[in-house]
Amino acid sequence: MDLAKFLCWIVLLLGISLVESRYMVYNTSHTIVPGKLNVHVVPHSHDDVGWLKTVDQYYVGSNNSIQVACVQNVLDSIVPALLADKNRKFIYVEQAFFQRWWNEQSEEIKRIVKELIHSGQLELINGGMCMHDEAAPHYIDMIDQTTLGHRFIIREFNVTPRIGWQIDPFGHSAVQAYLLGAEVGFDSVFFGRIDYQDREKRYKEKTLEVIWRGSKSLGSSSQIFAGAFPTNYEPPPGGFYYEITDDSPVVQDDPDLFDYNVQERVNAFVAAALDQANITRINHIMFTMGTDFRYQYAHTWYRQMDKLIHYVNLDGRVNAFYSTPSIYTDAKHAANEAWPLKTEDYFPYADRINAYWTGYFTSRPALKRYVRVMSAYYLAARQLEFFKGRSQKGPNTDSLADALAIAQHHDAVSGTSKQHVANDYAKRLAIGYVEAESVVATSLAHLTKVDPTLNPTFQQCLLLNISYCPSSEVNLSDGKSLIVLAYNPLGWKRVDIVRLPVVGGDVSVHDSEGHEVESQLVPFTDEYVALRKYHVEAYLGQSPTQVPKYWLVFSVTVPPLGFTTYTISTAKKTDGYSSKSYVSNILKGEQSIINIGHGHLKLSFSTDQGTAINYVNGRTSMTEPVKQTFSYYSAYNGSNDKEPLIPQNSGAYVFRPNGTFPINPEGQVPLTVIHGPLVDEVHQQINPWISQITRVYKGKEHVEVEFIVGNIPIDDGIGKEVVTQISSSLKSNKTFYTDSSGRDYIKRIRDYRSDWKLDVNQPIAGNYYPINHGIYLQDSKKEFSVMVDRAFGGSSIVDGQVELMLHRRLLLDDSRGVAENLNETVCVQDKCTGLTIQGKYYYRIDPYGEGAKWRRTFGQEIYSPLLLAFAQQDDGKPMSFGAASFSGIDPSYSLPDNVALLTLQELDDGNVLLRLAHLYEVEEDKELSGVASVELKKLFPGKKIGKLTEMSLSANQERSTMEKKRLVWKVEGEGSYGEEKKAKRGREIDPRKLEMELYPMEIRTVLIHLELPSSHSRINRFDA
């Protein structure tokens, strides 16, 4: 070969080599390297289950004029991206989306996805239907929505989620740490939002990662490793966003092209890693590579991350690799480090000065109430579905379960979505209710054993909150009777009051044995008539055909997990009529003091002040001056703010008051006082848009306050946040107690945080906390407790005083993404007015140390009200009940006073899911904080418990298996296994004795297989 040909050949080879060099095989196979800084690259997408768009719009990618987001694309594109490189990983959270997608896939895709999950490339973490909020949901709802997701995952993939991933909720509940963390089998929980002052201190002390011990009762037995991200849940600083619409610099590694920047991007990555390492213990850090609705075209992300991992590892200063939070947690655990201890919770949350996210504790109070009502209904409906037997083809409670699960999302019940999305959440609940209502009606017909030829139909009244109940508003003058069935979902016998609108006054009430029951007629007032008419037209599109004259009030006694029936009919001459109430309108100066109350409790009102002034309980010798008032905070307009650059308004998330304005009665408004044998009431019209009724019931030792707030006026261009204050003389010393998601109570001190020295810049908003269950004050002699009917925000801004925020109507957005002011309206045809809220709270004063029993017991009654159903009975055609009363448990038995039934549910496979909860904390009550014992046999009378398996809280694995897998963490200042004195837990259930022990704050979950007599079909579970 001559020289010329040889040189040509060499040039050709070099040319081929140069062309081929443009195809790179990136090395993504690195794993943990001891001694180096290990950067765990965690690809994820945060997919809100509704926020700016509805859940379905987000899934299919519609309504993109609001936000370009399509979760279907995310999941579609992740699968081939993972298949392209076995080292790539991805985590997914929201089961509401994943299950929609899964149900649409072919068997081949399902097989591939299962392989990806089992290989660890795709990890399902958190595992609930949504990433639930932690301020507004009740703990039972949090458990239910998590269970729904976890049981799907174990059924389809035979895996159990290990990691909590609460990266976006706006503050974090202690219940999340121990109940929805450790008790569901999680080894760690990660989140993005903690107070900016707290975060700054944790930067300096390297305490972003802690051992979180959320329950003082369960202690180290339910602690969890918890990590707060350095900033949020997004990629690290330096420009690492790779959605096709993002503008971060890509890794341009082709030297033949302009803008080659490999070293520049490596340097940015390493700099971000070293910065994060400086605030993190142990040589492992996590980069959260993703944010809201990312990976819609997954290859754009993985192409860049492949390059980064490849070139960063060639650089050698740090070690980068694809990872998951599970791998990260195991690495932290393997270091055998002792970690700082965190107790209590992460409320309230502020992301900067003057920006406390405490407004959403109250935002959309009607939706919050609707969620709570549906939660209680679902609990009762599942019980009745079990008693009858779950239908395999007909209506069931699944639709309501799904709707409730989605409603727990941190932009749903929180009240922080756009209005059309809030409407969608409510619509889903309404659809779920209709199907569950059918389940309840057929179950009750089955259990009452009414002659089916009579075509028995039990109606229900969902709109009693607006005083509308067609079933009770029937004309009984023609000889008809109304059957009222009251079902008690609690595990105790219950004596309660029923209030129903009726059209006539000559009625009497009889129990199932024909004995007359004492009753009272309370006149229907103007505020009820107006509220009823407007909202019936708004919701049903038609006006009520008649106006009730009275509320019929009577007392019912109902067995545990059972019902009793009552008959309302036209009073016969031999009957005693329902007692009409004595009504008086008292003007200022006519009578200085008015007293109401039956039995031990007396409440005094001042006509001069127009408010309650004195509370007296003769049984406990408690006498206390009280005063209840209304105020509003004008919403701050941040347009004049100089710092920060973005003005801070009060909005759906943020509460920023700009002055407090008392709301006083306009002119001389009379107190309308109603006296009767069962209840005394004081009606007050505070102003044209606020009214309230204060009630004291016979035999009860608490005060009930029903309020109506709205239409809040905004003609002055100022948003308003309406609060009520209940004042006492208690010397509470800046201290008060609020519940954690309806479970434990946490001590709060005004203007103080236990974890850092608080810089007080918002003395009102910065002292607000979420209230799901109640709030109380105490001094050395007394306890003052207030219980609520939904999630509210509240505080004790002044010693001796409880403050609740009841309603918000705002005209500005707070710049947190929703881009819509919180101005809810209700429309009749083309006329819209501000939303009116009706609700209740309750208060009571007890000797010091004795208030817990009322809070815990009555709290259960508030959460689980009686379920009422109605049937008409024609004269001459009596409805013959085979069972006019019923109890689903042994008639001689009830649950202990300190135990609540959380779940009684028949599952698809015929097994029964049972959850029981100890209601008290350690040392909360002298007697009821002790160990409780439940005889499980007596919960299933006449049935044999064939097999019983104790499960994790979310019922996706045996508890014994979960405990064996649990990681044990060291805590600074403690021994290797935490506290020397561990919290007590109930003993293993003996399969012969079948007794369950529960210690304070313990919840135990069991799966039960019932062996039914062969002569009984599955759906005739409670035939006589």
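Including glycine, each Cβ sits where the backbone N, Cα and C put it.
Under a cutoff of 8 A between CB atoms, and with a sequence separation of 6+ in the same chain, the neighbours of His46 (Zn(2+) binding site) are Val93, Met131, Ile167, Asp168, Tyr233, Gly290, Thr291, Asp292, Phe293, Arg294. The Zn(2+) binding site annotation in Swiss-Prot covers His46, Asp48, Asp168, His410.
As annotated by Swiss-Prot, disulfide bond applies to Cys461-Cys469 (among others). In this structure, Cys469 (disulfide bond) belongs to neither helix nor strand by DSSP; it is coil.
Per Swiss-Prot, disulfide bond is recorded for Cys827-Cys832 (among others), and the stated evidence type is similarity to another entry. Taking the Cβ of Cys827 (disulfide bond) as reference, residues of its chain lying under 8 Å away and at least six apart in sequence are, in sequence order, Ala538, Thr833.
Within its own chain, Asn27 (N-linked glycosylation site) has Ile309, His310, Asn313 as residues 6 or more apart in sequence whose C-beta sits under 8 angstroms from its own. A coil conformation is recorded for Asn27 (N-linked glycosylation site) in the three-state DSSP classification, outside any helix or strand. The N-linked glycosylation site annotation in Swiss-Prot covers Asn27 (among others), and the record cites sequence analysis as its basis.
Residues near Asn63 (N-linked glycosylation site) in space but far in sequence (CB under 8 A, at least 6 apart, same chain), listed by position: Lys53, Thr54, Gln57. The N-linked glycosylation site annotation in Swiss-Prot covers Asn63 (among others).
Listed in sequence order, there are no same-chain residues at least 6 apart in sequence whose CB falls under 8 Å from the CB of Asn278 (N-linked glycosylation site). Among the features that Swiss-Prot reports, N-linked glycosylation site is placed at Asn278 (among others), with the record citing sequence analysis.
Taking a C-beta cut-off of under 8 angstroms and a sequence separation of 6 or more, Asn465 (N-linked glycosylation site) has the following same-chain neighbours: Arg369, Val373, Gln838. Here Swiss-Prot flags Asn465 (among others) as N-linked glycosylation site.
Using a 10 Å Cβ-Cβ cutoff, Asn475 (N-linked glycosylation site) registers 11 neighbours. Secondary structure at Asn475 (N-linked glycosylation site), taken from DSSP and collapsed to helix, strand or coil, is coil. As annotated by Swiss-Prot, N-linked glycosylation site applies to Asn475 (among others).
Swiss-Prot lists Asn637 (among others) with the feature N-linked glycosylation site, giving sequence analysis as the kind of evidence. Taking the Cβ of Asn637 (N-linked glycosylation site) as reference, residues of its chain lying under 8 Å away and at least six apart in sequence are, in sequence order, Pro647, Asn649, Asn658, Leu812.
Residues or ranges marked as N-linked glycosylation site in Swiss-Prot (evidence: sequence analysis): Asn658 (among others). Taken residue by residue with DSSP, Asn658 (N-linked glycosylation site) is part of a strand.
For Asn733 (among others), the entry in Swiss-Prot reads N-linked glycosylation site, with the evidence type sequence analysis. Packing around Asn733 (N-linked glycosylation site) is summarised by its Cβ count: 14 other Cβ atoms lie within 10 angstroms of its Cβ, all protein chains included.
When Cβ atoms from all protein chains are considered, those within 10 Å of Asn823 (N-linked glycosylation site) total 17, not counting its own. Per Swiss-Prot, N-linked glycosylation site is recorded for Asn823 (among others), and the stated evidence type is sequence analysis.
The annotation signal peptide is assigned in Swiss-Prot to 1-21 on the grounds of sequence analysis.
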Spatial neighbour of Cys469 (disulfide bond) that is closest, considering only the recorded positions Asp48, Asn475, Asn733, Asn823, Cys832 and their CA atoms: Asn475
Spatial neighbours of Cys832 (disulfide bond) that are distant in sequence (at least 6 apart) but have CB under 8 A: Thr825, Val826
Whole-number Å value for how far Asn823 (N-linked glycosylation site) lies from Asn733 (N-linked glycosylation site) (Cα to Cα): 37
Surrounding CB atoms that lie within 10 Å of the CB of Cys461 (disulfide bond), all protein chains: 17
By Cα-Cα distance, the member of recorded positions Asp48, His410, Cys461, Asn475 nearest Asn823 (N-linked glycosylation site): His410
Surrounding CB atoms that lie within 10 Å of the CB of Asn658 (N-linked glycosylation site), all protein chains: 15
Asp48 (Zn(2+) binding site) and Cys461 (disulfide bond), Cα-Cα, nearest whole angstrom: 33
Residues that sit under 8 angstroms from His410 (Zn(2+) binding site) by C-beta distance, when 6+ apart in the chain: Asp48, Cys130, Met131, His132, Asp133, Glu134, Asp168, Pro169, Phe170, Thr416
